């Protein structure tokens, strides 16, 4: 096997990048802001159609929405303190590289002028990771659009137990909840010219928040992630090395692999947070951007998504909470309880580590055969390398302010075979559920039977308990063999910074 992996190394990296020779001519109209994985701004990607052949169902036409569940990621945020220090180190190293090249009298004619004097825009900042103004706007606008889309749900006066708003204790999540609530309730109160309404946002402690921060308390997931992160880094290395060599040849500086990774991070921050696309992002060709995006999507897939069942099984408490809220809404509707006496919306604000697993529990972005695999807790194939298209791109699954809405509808008995239906919206667009025949709409009981119940066999406490290590472990494969076993699918097991 080791010899096979070594032989594969000779041709695999060129295979990953061979399409670059043919795709650069198609760079016109390429918008890097749509290729930033989970660092993508919501407005840049929310209208991108993932499945162009999908036609939304009309099964809920004539029905009335009676309850809404929302699971949303926080809006666009600043880099964390750790990543800001990385950019400071990049600035220092760029100066060293330029000084070294000048001492050797190397030509730097092709080096963009901005590189010579670049300093991190976040230099000297003492805090990081906070929601920034564009992120506030993303959630404020989402709140306004939600009310406009479902006027029947939000026509009543605000009460905290009718419109429940929850967030994690992380400030960017709670600030996102506030921004959303301001948009949702604009004109509903008497505060200021915009007639804002004061509202409540509740949070559980970080240590016990099993609904929105289940990843924080799940020890078996932490062990899995810690063990998997080195192999994920190794999978990225062939792409980073090839692009590093291209940058060295293109600009005349002796860039390292770490420089390339940091420049890609800078590109994402500049494009998403500052709307600057003609500096760090311009260092890369479109085909290189797509490959770097793929490395980020690969990490999301393996450490948060369909790459391992523990990633999403630990989100079962959230799924249970959502189903219970809908069952209670049906009970209240059946009993004809008076308006204002029962919950009509449960609105949650958290992180990519919440939104991605929850999307997986619903089976979103999968084909029917893939959905059957996750029901059996079997691993899926890795995302295809460019130019092949992936349905699980991070920019589509969990951009900043990315969200899933589950809308419970009450339908007239004469118009359908079921009285209650669930419609699923991802980033405000109907999305097919393979567990419900590829429709975005599903009878509530069928939704529970085919999508929810197979996951409910898992108990969070038992799932997240760390299992004792076996006494006789297999020898660890070499770095190269491990990386290429993942890429070619040999021997896949079933088994950063917070986003």
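The backbone N, Cα and C atoms fix where each Cβ goes, and this holds for glycine too.
Since this is a predicted model, take the numbers as computed values, not measurements.
If you look up TrEMBL, you'll see 1-27 marked as signal peptide.
Sequence annotations record features per position, and here TrEMBL assigns disulfide bond to 63-411 (among others). The local packing around residue 63 (disulfide bond), expressed as other Cβ atoms within 10 Å of its Cβ over all shown chains, amounts to 20.
The Cβ neighbour count for residue 464 (disulfide bond), using a 10 Å radius over every protein chain in view, is 21. As annotated by TrEMBL, disulfide bond applies to 218-464 (among others).
As annotated by TrEMBL, disulfide bond applies to 267-281 (among others). The 10 Å shell around the Cβ of residue 267 (disulfide bond) contains 24 further Cβ atoms across the protein chains shown.
Note on residue 436 (disulfide bond): other Cβ atoms within 10 Å of its Cβ, all shown chains, come to 22. The annotation disulfide bond is assigned in TrEMBL to 436-442 (among others).
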*Taking just the CA atoms, what is the gap between residue 63 (disulfide bond) and residue 442 (disulfide bond) in Å?*
13
*Check the Cα-Cα distances from residue 442 (disulfide bond) to the disulfide-bonded residues 218, 267, 281, 411, 464 and tell me which is shortest.*
411
*asked:* Long-range neighbours only, meaning 6 or more apart in sequence with Cβ under 8 Å: which ones does residue 281 (disulfide bond) have?
replied: 32, 267, 270, 271, 289
*Can you tell which of the disulfide-bonded residues 218, 411, 464 lies nearest to residue 436 (disulfide bond) in space, using Cα positions?*
411
*Provide the number of Cβ atoms within 10 Å of the Cβ of residue 442 (disulfide bond), excluding the reference atom itself.*
23
*Relative to the Cβ position of residue 411 (disulfide bond), how many further Cβ atoms are located within 10 Å?*
19
